[in-house]
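Working notes, beginning with the structure itself.
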Amino acid sequence: MQNYLEFEKPLAEIEGKAAELRAIASQSEDEMNVEKEAGALDKKAQTILVDLYKNLTPWRKCQVARHPDRPHCKDYIENLFTEYTPLQGDRVFGDDTAVMGGLARFDDQPVVVMGQEKGNDTTSRLHHNFGMARPEGYRKAIRLMDMADRFGLPVVTLVDTPGAFPGRGAEERGQSEAIARSTEKCLQIGVPLVSCIIGEGGSGGAVAFATADRLLMLEHSVYSVISPEGCASILWKDAEKMREAAEALRLTAQDLVKLGVADTVIPEPLGGAQRDREQTFVAVKDAIASSLKELSGKKPKQLIKERRQKFLDIGSKTLA
Amino acid sequence: MNWISNYVRPKINSLFSRRETPDNLWTKCDECSTMLFHRELADNLNVCVNCGHHMNITPRERFASLFDGGTFAEFEAKAPIADPLKFRDQKKYPDRLKAAQKKTGEKDAMLLGYGDLGRTKVVMAAQDFGFMGGSMGMAVGNAIIAACEHAVNMKCPLILFSAAGGARMQEGILSLMQMPRTTVALQMLKEKNLPFIVVLTHPTTGGVTASYAMLGDVHIAEPNALIGFAGARVIEQTIREKLPEGFQRAEYLLDHGMLDRVTKRQDMRDELISIVRMLMKLPPAIAADLEPPAKIEDKTKKSEVAKK
């Protein structure tokens, strides 16, 4: 069962009809040839799909970035890496299931990989707290980055989070401090740090993972200081103005490259990453591989210096 | 509403509205509602004389109350590109900026000063909650970078007073990027083994707390200051339970290990002098040797603001 977004309704109708037609044909005892009709519907659906995705508005991109069928952190780790060995716990308080990470091999090269996992059904979503990390998640990330630094392993982060978890315990255990330290750690390690925003890059919760040498973004991923809904309710005093807010915030991968915040946009299959996972995995893998290649051979000091300079330089580019 | 309030009152008001005296001679305390006379309040550094509630204080007033003799040299950071996103909500961002500049008389939400604190050179940076909620945008980021650079050049500590609702949404992702940018600046300071002292004032929330405000060598807060990452309302909606009394207040954070101290504004100068001198391995300050800080109202007379 495929999930459709609200704006994909016309598409859902046509694709639904085509599927229905084929189902009837396969169940009926007589030889029914519906391929001609179904094929025509497929063609129509394709035209609609191309049309819908030709110029996605920023708000629609947010919806695609949050699509429930979109591949998540776990899927990328399983498909892009081998020998993934999860490592757990922050050694202070507990283990945060919103953040997964550990040792793995990328093209046989040992690396540390980590990211936020949103889950893909009710049970796993609750288990992973919808990808909203608590302080323990950021402290686990700090621990893993420290380890990577000590053993000279590159770090790959996969970012997909609505933001840090707004909870009582999270505040009491120092959510702010944990995020600040994780961002600080990103800027301190002398190993290559490549980050890929695979879905939502939500505010400070994303910064703590995405302060990298190279920031890759999937074509329909977003990275923002606040969710369009949150921004709309504060500045427009109306959460329903999220379309306007999404527009104004300039949160798309394309705009972020212009602003010098992101380095590369990774093209997605037509209709979003969920429509062809294999193709997405290949594209993301290639992009990570080429970023790691660019960074390999650089001395720790040089890496740190260039990474810091990259962030100091942000703000000198405009959209024009 | 009747004809008296609609017609007569505006007429009477217009007759008496051109008073020479300032209209805010009295301020009502937000906590205990005591009416406070402006001179008395200023003498007490905007702290309520009745209940001890710490009210907002502008960065200039704060500097005047801390630096020796209230004298400091103001210096400025590189001006960022104005309105990089051409942001527009119900108002245009440049219009909001202009309104805030007119209201506060400052260019943006962070003031920088260099001078003596107990005969010790320090750089101070103070965030202005009155300027668009103290929000952190490119200008605030540049100011922190400039403050760190100045402290490194002068080989002196940096004392930062934080006050902000968070990042400045009107600068979108660029405001968020001030989290790593300011962190880079602080690393330059730390690598030179120079102290970074954060004084968290009411309120310090969002991306500001989750970056430079939580990366100090020493964390001091003013009493009852609201300090946190997520807003209390958002948390209540998420966890569907009532938050405890004093949640996200300075004393609560002190209990939970996020702060070193909660210090009254009146004691802040002495405490900062003491901490700074110990971290810089200087002999103890001799109180009699120090010029008393200026009173807030004398600031225009005493502080000779030198622009770099």
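Glycine is treated like the rest: Cβ placed from N, Cα and C.
In TrEMBL, annotation is done automatically, which means it is predicted and not curated.
Straight from TrEMBL, the features:
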- B:CYS29, B:CYS32, B:CYS48, B:CYS51: Zn(2+) binding site (BINDING)
- B:25-294: domain 'CoA carboxyltransferase N-terminal' (DOMAIN)
- B:29-51: zinc finger (ZN_FING)
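Within 8 Å of the Cβ centroid of the Zn(2+) site, not counting the listed residues B:CYS29, B:CYS32, B:CYS48, B:CYS51, the chain contributes B:ASP30, B:GLU31, B:SER33, B:THR34, B:LEU36, B:VAL49, B:ASN50, B:GLY52, B:HIS53. Taking the Cβ of B:CYS48 (Zn(2+) binding site) as reference, residues of its chain lying under 8 Å away and at least six apart in sequence are, in sequence order, B:CYS29, B:GLU31, B:CYS32, B:THR34, B:LEU36, B:LEU41, B:HIS54, B:MET55.
The most densely surrounded of the binding-site residues B:CYS29, B:CYS32, B:CYS51 is B:CYS29 (count of other Cβ atoms within 10 A of its Cβ). The helix, strand and coil residue counts that DSSP assigns across the zinc finger (B:29-51) are 6 helix, 4 strand, 13 coil.
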